[in-house]
Amino acid sequence: MPAELAIGIHDLSVATTQYVLTHATLAAHNGSDVAKYQRGIGQRSMSVPAADEDIVTMAAAAAAPIVARHGAERIRTVVFATESSVDQAKAAGIHVHSLLGLPSATRVVELKQACYSGTAALQFAIGLVHRDRTEQVLVIASDVSKYDLGSPGEATQGAAAVAMLISADPALVRIEDPSGMFTADIMDFWRPNYRNTALVDGRESISAYLQAVEGTWKDYTERGGHKLDELSAFCYHQPFTKMAYKAHRHLLNYCGYEVDEARINGAIANTTAYNEVIGNSYTASVYLALAALLDTAGDLSGKAIGFLSYGSGSVAEFFAGTVVPGYRAHLRADAHREAIDRREDIDYARYREIHTHAFPVDGGDYPVPRETTGPYRLAGLSGHKRIYEPR
Ligand code: HMG
């Protein structure tokens, strides 16, 4: 893409929850060896939302600093990607639009395809900016990952939101053509409408992910994408951080490279710092990997990085981006670290209480106790309506 047509990520901001459950606490409760979590799947802790937090409050907390820095005048579209939506009809982004006071001349829409839809949102945003280079699009990926207590998936729960401002002449990352795409109709992970916890075939989901890595890479290279060696780092979807290592090892094998662990570490290690303490944030996960890479690696100016976005069911996309020289002046590394470090450690009993809490479904009035110290909260339910407010 010629420099004058560069479109991509102009700003990126992360938010997570009030609480955190460590894998040491989970292991002490269920008798597992904590090394299975910390080394086996590469997870140390998971974000847990307070009763007055959800995908909307995290999304607004992630997006507010972007609006504060750039203003809302050029934002004409908000695309909200999630698979833990709070309503079957209304887009969660409309609550965010209202909390942030965005202009009424805005289109707001919600997208779903498991963990993949954050990338669909990014690509739709790029298309809109191509049509009108003065427009900026606010893309928000926000999710709460929840599995049954005691299930193998429990250790891979988490919650976070990533907000990204997509614009022409971006300050952080130029997103490039081509993309490699892959879709396969499989039931590796799903959540029927009547459940609030996901169902998963763990082993099947890992092989489906690896199959998608091959499929997207094949399409990507056939369409003239970078050679593997031209990419300095790889941001994979990280349901647990060891999955990124598995995926990259698989890709190297598929491409006929000798699999050398130092080479895999070099491509992945800088992308895992946030996901290993936040857990699976579904749509946000691959962009948390990007945030960690930009915030924690040495200077990446001018370097090309690969992205593999996977959503069970399944749809995947491989694409690349080039880091814009001068990007470091625009990062929010301190705020991201602060959002992670401010979480309150909870014990297993409190986690269990939060996990099993569900609102009654009779449409009555249910105020929610004030718990979060984040900037926005769910104040309660009234007449089947969710009520949000600044804290
Ligand atoms: P499990 O049965 O609890 O664990 O399930 P395991 O026995 O397979 O062990 C996990 C790893 O820990 C293994 O390593 C063990 O060897 C190792 P591997 O062989 O895989 O390299 N291990 C140890 N290491 C050190 N010390 C020890 C020890 N013990 C064992 N003492 C599983 C693990 C990931 C399947 C489970 O957590 C699960 O079902 N998770 C949810 C599904 C998932 O995350 N799938 C990933 C791909 S699908 C995806 O990414 C999409 C998704 O994000 C949803 C969406 O798209 O919306 C999930």
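Glycine is no exception: its Cβ is also placed from the backbone N, Cα and C atoms.
Note that TrEMBL annotation is computational and uncurated.
Feature annotation from TrEMBL assigns active site, proton donor/acceptor to Glu83 (among others). Long-range C-beta contacts of Glu83 (active site, proton donor/acceptor), restricted to its own chain and to partners at least six residues apart, with a cutoff below 8 Å, comprise Lys112, Gln113, Ala114, Cys115, Ser117, Asp143, Arg191, Tyr282, Thr283, Gly311. According to DSSP, Glu83 (active site, proton donor/acceptor) sits in a coil region rather than a helix or strand.
Summarising the annotation, TrEMBL assigns active site, acyl-thioester intermediate to Cys115. Look at Cys115 (active site, acyl-thioester intermediate): DSSP puts it in a strand.
Annotation comment: TrEMBL describes His237 (among others) as active site, proton donor/acceptor. In the three-state DSSP classification, His237 (active site, proton donor/acceptor) falls within coil. Proximity of His237 (active site, proton donor/acceptor) to non-local residues of its own chain (separation of 6 or more, Cβ distance below 8 Å) is seen for Cys115, Tyr116, Tyr209, Met243, Ser285, Val286, Ala289, Leu308, Ser309, Tyr310, Gly311, given in sequence order.
Per TrEMBL, (3S)-3-hydroxy-3-methylglutaryl-CoA binding site is recorded for Asp33, Tyr147, Lys246, Asn280. Asn280 ((3S)-3-hydroxy-3-methylglutaryl-CoA binding site) falls outside any helix or strand according to DSSP and counts as coil. Annotation for Asn280 ((3S)-3-hydroxy-3-methylglutaryl-CoA binding site): same-chain Cβ neighbours under 8 Å, separated by at least 6 residues, are Cys115, Ser145, Thr156, Gln157, Gly158, Gln238, Pro239, Phe240.
For the domain 'Hydroxymethylglutaryl-coenzyme A synthase N-terminal' (7-169), the predicted model reports an average pLDDT of 98. Among the features that TrEMBL reports, domain 'Hydroxymethylglutaryl-coenzyme A synthase N-terminal' is placed at 7-169.
Feature annotation from TrEMBL assigns domain 'Hydroxymethylglutaryl-coenzyme A synthase C-terminal' to 179-263 (among others).
Residues annotated as domain 'Hydroxymethylglutaryl-coenzyme A synthase C-terminal' in TrEMBL: 265-326 (among others).
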* Asked: Of the recorded positions Asp33, Cys115, Lys246, which ones put their CB under 6 Å from ligand 1?
  -> Asp33, Cys115
* Asked: For the domain 'Hydroxymethylglutaryl-coenzyme A synthase C-terminal' (265-326), what does DSSP give as the number of helix, strand and coil residues?
  -> 26 helix, 17 strand, 19 coil
* To do: Work out the three-state DSSP category of Lys246 ((3S)-3-hydroxy-3-methylglutaryl-CoA binding site).
  => helix
* Please spell out the DSSP helix, strand and coil residue counts for the domain 'Hydroxymethylglutaryl-coenzyme A synthase C-terminal' (179-263). => 41 helix, 14 strand, 30 coil
